[in-house]
Amino acid sequence: YPQFDPDNTGYISTEKFRSLLQRHGSELDPHKLEVLLALADSNSEGRICYQDFVNLMSNKRSNSFRQAILQGNRRLCSKALLEETGLSLTQRLIRHVAYETLPREIDRKWYYDSYTCCPPPWFMITVTIVAFFLYNGVVLDRFVLQVTHPLYLKNSLVYHPQLRAQAWRYLTYIFMHAGIEHLGLNVILQLLVGVPLEMVHGAARISFVYIAGVVAGSLAVSVADMTAPVVGSSGGVYALVSAHLANIVMNWSGMKCQFKLLRMAVALICMSFEFGRAVWLRFHPSAYPPCPHPSFMAHLGGVVVGITLGVIILRNYEQRLQDQSLWWIFISIYLIFVLFAIFWNIFAYNLLDLKLPPPP
């Protein structure tokens, strides 16, 4: 490096940089070589930041490097990732996930090169297996709650308006489901959509969207449907699915996933069926009047989180969220809603003098 930057400025001239690529290009991954050439072609100052080169080779996308790529010519001359042949089963799976979730070819190639399956998508798998099957099947000796049974609310995890002071219930209600169809649809959507999203965006972002949808769902019920309990993970699931579908619509021309229109239609049909079932169940007369049916407002709370916070988080694959003004706007709105719902739960129930169902 000193021979190319004798003054120790931290930069290498574009000519020397291209000569290095020509000399050692055969030793580099073809996709990284394409991005390096795009970086050289896009630079109008005649010099390349050495740290950008280091960031690329170590699979780190700094802001300066990202801007150099996005503002440049981005001449990616070789064939698309989808056209490559001779890939193993794992490589084809990673390529499929890239085309399912990312709208730009440069991001797909970047993800394909840098993804190492470590860590795996542990969050969605853990929530699905432990929450839905292990707890319901082993601890409770049943896989679902039967809302036609008078004792279905006698559970320490279900949200109940009389027990809203027990703060854990605003989260743990996702571990319970009202019927096998409720459990089945949520599990299918969670695995088919949540796992690929976590593979691309990581556990931190996906868990944030999921938990934000869960909390927004229970708080929405406590504000808009104050006499109803809540069960099911639909708030978190709908947050992920709605964010993913919204990003597909916003980046329709760039999304190259197969049968994207059919896939969107199937997802919307499944969501509509499950939501319609929840609405029917809420207003259907209870077989045991002291035990009201669960609310459907958690679904709507999850959708709102998905098309606001979720869209921003999933849209910025390589960018830092702290740099996005919309991120701060939506996170501020979300926090204001949470604070409003907390004060609502403290004061509104007494002021309105509601007739709540008896505690379980």
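Heads up, residue numbers simply count up from 1 along the chain you see.
Glycine too: its Cβ is placed from the backbone N, Cα and C atoms.
Residues or ranges marked as domain 'EF-hand' in TrEMBL: 1-27.
Marked as transmembrane segment by TrEMBL: 122-145 (among others).
Residues annotated as transmembrane segment in TrEMBL: 206-224 (among others).
Sequence annotations record features per position, and here TrEMBL assigns transmembrane segment to 230-249 (among others). Listed by sequence, the residues of this chain that lie at least six past the ends of the transmembrane segment (230-249) yet keep a Cβ under 8 A from its Cβ atoms are 101, 103, 127, 131-132, 145, 158-159, 173-178, 182-183, 186, 189-190, 193-194, 197, 206, 209-218, 221, 255, 257, 260, 264, 267-268, 271, 274-275, 278, 294-295, 297-299, 301-303, 305-307, 309-311, 313-315.
Per TrEMBL, the feature active site, nucleophile maps to Ser234. Sequence-distant contacts (6 or more apart, same chain, Cβ under 8 Å) of Ser234 (active site, nucleophile) comprise His182, Asn186, Gly217, Glu274, Phe275, Ala278, Ala298, His299, Gly302.
According to TrEMBL, the feature transmembrane segment maps to 261-283 (among others).
Taken from TrEMBL, the feature transmembrane segment covers 295-314 (among others).
The annotation active site is assigned in TrEMBL to His299.
When Cβ-Cβ distances below 8 Å are used as the criterion, the transmembrane segment (326-347) is approached by residues 164, 212, 215-216, 219-220, 222-223, 305, 308-309, 312-313, 316 of the same chain, each at least six residues removed from its ends. According to TrEMBL, the transmembrane segment annotation covers 326-347 (among others).
Summarising the environment of His299 (active site), the number of other Cβ atoms within 10 Å of its Cβ, over all protein chains shown, is 24. Sequence-distant contacts of the transmembrane segment (206-224), counting only residues of its own chain at least 6 positions beyond either end whose CB sits under 8 Å from a CB of the stretch, comprise 123-124, 127, 159, 161, 164, 169-171, 173-174, 194, 197-198, 230, 233-240, 243, 295, 297-302, 304-306, 309-310, 313-314, 334, 337-338, 340-341, 344-345, 348.
Here the transmembrane segment (261-283) has Cβ contacts under 8 Å with residues 147, 178, 181-182, 185-186, 188-189, 193, 225, 228, 232, 234, 238, 241, 245, 248-249, 293-296, 299 of the same chain, all six or more residues outside its ends. Using a Cβ-Cβ cut-off under 8 Å and counting only residues 6 or more beyond its ends in the same chain, the transmembrane segment (295-314) has close neighbours at 101, 197, 201, 205, 208-209, 212-214, 216-221, 224-225, 228-230, 232, 234-244, 246-247, 250, 274-275, 278-279, 281-282, 321, 324, 326-327, 330-331, 333-334.
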